[in-house]
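Annotated in Swiss-Prot:
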- Gly85: anthranilate 1 binding site (BINDING)
- Gly85, 88-89, Thr93, 95-98, 113-121, Ser125: 5-phospho-alpha-D-ribose 1-diphosphate binding site (BINDING)
- Ser97, Glu231: Mg(2+) 1 binding site (BINDING)
- Arg171: anthranilate 2 binding site (BINDING)
- Asp230, Glu231: Mg(2+) 2 binding site (BINDING)
Amino acid sequence: MTQITPQEALQRTIEHREIFHDEMLHLMRLIMRGELSPVMTAAIVTGLRVKKETIGEITAAAEVMREFSNKVHVEDKRHLVDIVGTGGDGANTFNISTCSIFVIAAAGGKVSKHGGRSVSSKSGSADAMEALGVNIQLTPEQIARSIADVGIGFMFAPNHHPAMKNVAPVRKELGVRTIFNILGPLTNPASAPNILMGVFHEDLVGIQVRALQRLGAEHAIVVYGRDGLDEISLGAGTLVGELKDGVVREYEIHPEDFGLRMVGTRAFKVDNPEESKAMLLGVLHGEKSAARDIVCLNAGAALYAANVASSIEDGMARAQAALDSGAALAKLNELVAYTARLTA
């Protein structure tokens, strides 16, 4: 194991030089164990941000975060998928990916959803799940059972990454994006081999998909809407980085490719968790709307990532059927009842 002092690491970032894989492993372990001072931690993560984190640095940091996490052991991972965003897009949309998980599970996928409370949005995935009546305070064993029995397991990030408490005050005080914003989506506690990930900057599409490749992902789709959305957008083209069969492809897709009309993000904007819940439930109750279209498109891509569907188009058709039949709404009700029983 190559040792590097925190001061040497900081000097590297100032000189815009890379911190190599083994060095980053050592440095990240110091941070995760709380062995660096808040000042040094802040300096290093800020330096990395200014320099721009490399694929190697991100991969090594994610490996350490996974190492320190409380894991969820899932037996059958064939169709296991996470649908997650880095957040920070500033769009304040309703919980598109959270709504999508019920559609995905109803259409034959299994979802290990990794999320937390709101940081930059009006409603984080954990806030949304609680508002819907889902108990998010489950043990790793209970989450694994929920995935097996219902097809959905929600993993509340603070319960799975206790070492992050060592950097939480630094992140809060800095108030800017750091490497930790892009590590969360790379550190699914159930090690989902398939993922649909939204990112907040176009440069991250190629970076994150290649980090996922190095971390052993099987089918990964990383997306960035050109209107700034960290989802597949209806308001603009969406940049895509796809890892499949060990090969990365980058391309662009548009709403009209899927027979959908372009709609600006204002159509999905909410001001509080109650509005987000109302829009989400409207979709699950089968209302025809732009909100339904963006959920079907993103759930369809996740079903393709999960190898349930043969393409995004096929996934979208399956998503529409799950909503029209009422199966997606039934899946929400099933999860609410199941998680209530587990802790009764």
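Cβ from N, Cα, C; glycine included.
Projection of Swiss-Prot feature records onto the structure.
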| residue | record | DSSP class |
| --- | --- | --- |
| Gly85 | anthranilate 1 binding site | strand |
| Thr93 | 5-phospho-alpha-D-ribose 1-diphosphate binding site | strand |
| His114 | 5-phospho-alpha-D-ribose 1-diphosphate binding site | strand |
| Arg171 | anthranilate 2 binding site | helix |
| Asp230 | Mg(2+) 2 binding site | coil |
Hey, what's the Cβ neighbour count for Ser97 (5-phospho-alpha-D-ribose 1-diphosphate binding site) at 10 Å?
26
Around His114 (5-phospho-alpha-D-ribose 1-diphosphate binding site), which residues of its chain at least 6 apart sit with Cβ under 8 Å of its Cβ?
Asp82, Val84, Met155, Ala157, His160, Gly184, Pro185, Thr187, Asn188, Pro189, Ala190
Of Gly85, Arg117, Arg171, which binding-site residues come within 10 Å of Asp230 (Mg(2+) 2 binding site), going by C-alpha to C-alpha distance?
Gly85
Determine, to the nearest whole angstrom, how far the Cα atom of Arg117 (5-phospho-alpha-D-ribose 1-diphosphate binding site) is from the Cα atom of Gly85 (anthranilate 1 binding site).
13
